Amino acid sequence: MAQHKLKTSIAILGCGDVGSTLAYTLILQPICSEVILVDLKKELLEAQVRDLNDATYRGGSGTKVRAGTHQDAGQADIVVITAGAKQKMGESRLSLLSRNLHILSSIFSSMAPISPHTILLLVANPVDILTYFARKLSGLPESQVLGTGTSLDSARLRGILSQKAEVAPNSIDAYVLGEHGDNQFIAWSSATIGTTPLALAMPNQLTPDFKASIANHTRGAAGAIIAAKGCTAYGIGGIAASICKYILFDSRTVRPLSFYQPELGCCLSMPAVVGRTGIVKTMPIELDQTERAELEACAKELRAIIEGAEKELIVEQQLRKLLESGVKSGVGRRGRQESTLMSLLCSGTTSQFGNLQLDTRR
């Protein structure tokens with residue numbers, strides 16, 4: 001087991017709805033010694049820090065809350081990235097990618113150097129793609145970069161099944177796997193209530209129509225909440241706080257998380273043991289033929305989006321280098337730089353990426 005530090009810190013990048021809810025949950029538990037909030041909106045940041053510190057004065061919480069920089073965050077035990085463009089009603093998580101990939105790239109440019117022991121937890125969407133790029137941009141070992149993935153979807157699945165089966169949610173082992181989004185699927189063949197396979201525990205209910213209804217409910221839950229109140233915060237905030245607890249307490253808990261799958265060439269959600277070093281190990285899960293096909297189809301689509309996004313990221317990095325060199329060299333090379341910028345912007349890379357986004361709006 002890993003050795004525990006006397007003082008632990010969790011940095012939250014982005015103190016909007018999700019970030020502030022996560023911070024509040026960390027205070028109530030409490031899970032860590034210090035919460036560091038980072039946000040580019042300084043007035044919002046200062047207000048959230050004051051408000052959250054007020055919550056600590058009630059007693060019973062030794063957690064301190066303070067504002068910090070990206071460089072401060074890079075030295076924390078856990079960095080939770082919630083910062084990103086907000087998902088609009090009816091918008092696919094994957095259509096957020098271009099904006100949030102730009103934000104992610106900027107974050108890691110500002111965080112360097114990152115402590116080699118830091119664990120990165122991605123919450124911002126599309127979480128699977130951003131987890132993939134966070135792994136590349138951060139330079140951290142693959143086991144230390146993970147996303148919330150389908151943890152919340154799986155919790156929703158257990159919730160609805162518990163109502164149907166009339167048992168407690170924590171008595172159900174059932175996972176939503178794959179992408180946190182349109183291509184997620186339920187591993188029905190391995191689902192159990194206690195030690196009993198779901199097919200035996202609910203023999204008269206587990207029809208194709210029932211499965212489709214449950215899958216649609218799980219997949220569409222976030223959209224329904226966003227349509228009514230504009231965002232989701234409490235569910236994902238609670239899930240992220242739980243994952244932080246599993247890490248800092250080295251609890252070795254099994255959860256479906258998004259992390260790199262070498263055999264699939266992307267990040268998506270599969271069961272894993274979570275502890276102080278991040279992903280301690282993967283947990284094999286038996287999938288039937290249909291579920292295996294769904295997993296491979298999901299990975300194929302994610303790889304296609306990653307390929308387009310990598311081209312987008314290369315263009316952005318080239319643009320940033322040109323802008324930086326322009327500042328250093330003055331205006332003498334301005335004409336040549338503008339010509340190069342135009343050729344990059346017109347190269348077709350971003351238009352190819354845009355087509356991939358449109359193809360994922362299902």
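Easy rule for this one: first residue shown is 1, then count along the chain.
Using N, Cα and C of the backbone, Cβ positions are placed for all residues, glycine too.
Keep in mind the model is a prediction, meaning the values are calculated, not measured.
The domain 'Lactate/malate dehydrogenase N-terminal' annotation in TrEMBL covers 10-147. What TrEMBL lists as NAD(+) binding site is Gly14, Cys15, Gly16, Asp17, Val18, Gly19, Asp39, Asn100, Val123, Ala124, Asn125. If you look up TrEMBL, you'll see 150-311 marked as domain 'Lactate/malate dehydrogenase C-terminal'. According to TrEMBL, the active site, proton acceptor annotation covers His180. Look at TrEMBL and you will find 292-319 tagged as coiled coil.
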Item to check | For NAD(+), whose listed binding residues are Gly14, Cys15, Gly16, Asp17, Val18, Gly19, Asp39, Asn100, Val123, Ala124, Asn125, the greatest C-alpha pairwise distance in Å | outcome: 17
Item to check | Those binding-site residues, out of Gly14, Gly16, Val18, Asp39, Asn125, that come within 10 angstroms of the residue listed as 'active site, proton acceptor' at the Cα | outcome: Asn125
Checklist entry - Using a Cβ-Cβ cut-off under 8 angstroms and a sequence gap of six or more, which residues of the chain neighbour Asp39 (NAD(+) binding site)? => result Leu13, Gly14, Cys15, Gly16, Gly19, Leu45, Gln48, Ala83
Checklist entry - What does DSSP say about Asp39 (NAD(+) binding site): helix, strand or coil? => result coil
Checklist entry - For Val18 (NAD(+) binding site), what residues in its own chain, 6 or more apart in sequence, show a Cβ-Cβ distance under 8 Å? => result Thr82, Val123, Cys231, Thr232, Ala233, Ile236, Gly237, Ala240
Next on the checklist: Most Cβ neighbours within 10 Å: which of the binding-site residues Gly14, Gly16 is it?
Outcome noted: Gly14
